[in-house]
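These notes concern the structure reproduced below.
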């Protein structure tokens, strides 16, 4: 009903509004005089007239005007009259023609060229284009000559409320902490209106809440949303859906409106303490559980979330505070109870703990609502488990003298079964730790005995492992390390630390220290070593040397007199008896070698060899070595010279009585065999005597034809081989048909003395009888072919 009433009012008042907008600007803009000069300065100019103004025309000045107005979105049955143009030069004789140009001229705005009336032909939208700039001019209708300069004016589109407000950035999301006080800022929304904010109230917006009350409120003009209720609890309701409306026309009736939604989420604050799901927890655990192993979980629930829900757990009371510990699982926020120390069912069967859970992050604003913690009781029952044997000590240290008798008891280990059943225990030695089987153990009582002799100087420590096993359950095994220290016994005699050789200068003085010697003892007495030195009883009154004990447990050897000579005696042997201070004392005799040497005046040893005396005076050992080296070098040169002379006297040619032997040269080339007749001309291998002594070559064409050479007659046995070869070589060199490359030359001669028949062309015939190769056919196809090659006719034999 209100919408229908609005439409009726608009239909009634629209003509009046249009008339008012059309006429009012002319009336309002006209001064008391009836015309004003155009901006161009012309005394006569275009002016807009109404009917009343034509009657009162009494001035020659034009109107001062520069704009017209037209209402947007007007859609009447006829084009809307925007205004009228008129000039003082128009006498009313219809000789004036009005011309309109500029924005929309001829399409949107049309002028009556006789009356000057301007009409809007289309529906206009101010939001699309707010004003149009046009130019009007009056010209002579007949000559089209301008009667006055052009005049520019503006047609403004007047706004109507045809655009509703819009929330461009909507929908909105906002957060606000829970338990906030009234008036806490939440967010701000903004709506825009495309209508003219200057003209009227079309763009004046007022905001209000359609949904979301009474929790939130909004400032009507700033659009700031605030909380309207105190102590809103996130745990009760976390999210609110608020609908905001923006209405133009200042919020009055008839204004257009737009809406948006704002989703407001309450963020969490720590306003809730942790709370255990139950006040008493029961857990059971085996007594042999590993240390650090979790045995149970407790949890305190917190209605808050995130950091506000994090809690820490602690054991604040109980008889197992030192036996158990509790930690926080960062993922689940559970309290994990772990074993801190070993449990023993036989000692204590149950524990009671008081566990506390407290918030880590506390908000001071809500401290009065505390305490933000909770407690619960945890009962832990220890269950019996079959435990392995337990030794009386975690390690054992035993001592034994190295001279201990075989099968003597070194020590004893003890172990027991901690279970109520108390199974008997059997002991054994892990032989991986006693590979030499030096020890044994009694399986019943754990006494360790010696199996082989010990030697402290070889191995002072022995580390073995004793194994204790329950007889009722062999899987229950325990091990313990046993360290056996071998104690020292004085069973080694002292001796020289090293093989000493003393040097005595011939020019030495009586009482001079020749050598200082030291002794070592493999034994290790508690109070350290103390050695006694002495000479053998039969050499106690040694005329040459004496000994002196030093404070540092060493011995000095001294010469009793001077005048020692290498020629008289080169080496002296001095036996020394060394004794220790053990019980019983041990002693040994070591011999010191003293060599007499020649020394310089400052006591530096130069030579200790007696042969030095036979050398000429002033000739040193270095000079003697140099002389010997020169002699050896001369001998080597003489031997080389003689060898070269003998080598030159040997003959370089073969003597007449030596046999001439064939030199066999091997070529790693192999033909295709006798079946291969295409690779080369087989005729080149035939005996030249086979065709009257001459075969022309088929691989070249001779330039000159020569008479065939007569085959050589058989040579006597005493012919010179050298002469024979030279003749054949001369013939080959002078043969113009010979190719420039290597070819086969056949020589019908072979040396004497062969007991077997020859298969070659050499010595193929003799003066007494013919050579017959028919027997080669019996040797196979290969030798048959060879026989054909070397067979000759009667005429050939004569040549």
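The backbone N, Cα and C atoms fix where each Cβ goes, and this holds for glycine too.
Mean model confidence for the domain 'Cadherin' (87-167) is a pLDDT of 83. Annotated domain 'Cadherin' per TrEMBL: 87-167 (among others), in sequence order.
The domain 'Cadherin' annotation in TrEMBL covers 168-276 (among others).
TrEMBL lists 277-391 (among others) with the feature domain 'Cadherin'.
Residues annotated as domain 'Cadherin' in TrEMBL: 392-496 (among others). Across the domain 'Cadherin' (392-496), DSSP helix (H, G, I), strand (E, B) and coil residues number 3 helix, 47 strand, 55 coil.
What TrEMBL records for 496-618 (among others) is domain 'Cadherin'.
The annotation transmembrane segment is assigned in TrEMBL to 613-642.
Sequence annotations record features per position, and here TrEMBL assigns compositional bias 'Low complexity' to 755-770.
Annotation comment: TrEMBL describes 755-774 as region 'Disordered'.
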DSSP on the domain 'Cadherin' (168-276): how many residues come out helix, how many strand, how many coil? 3 helix, 46 strand, 60 coil
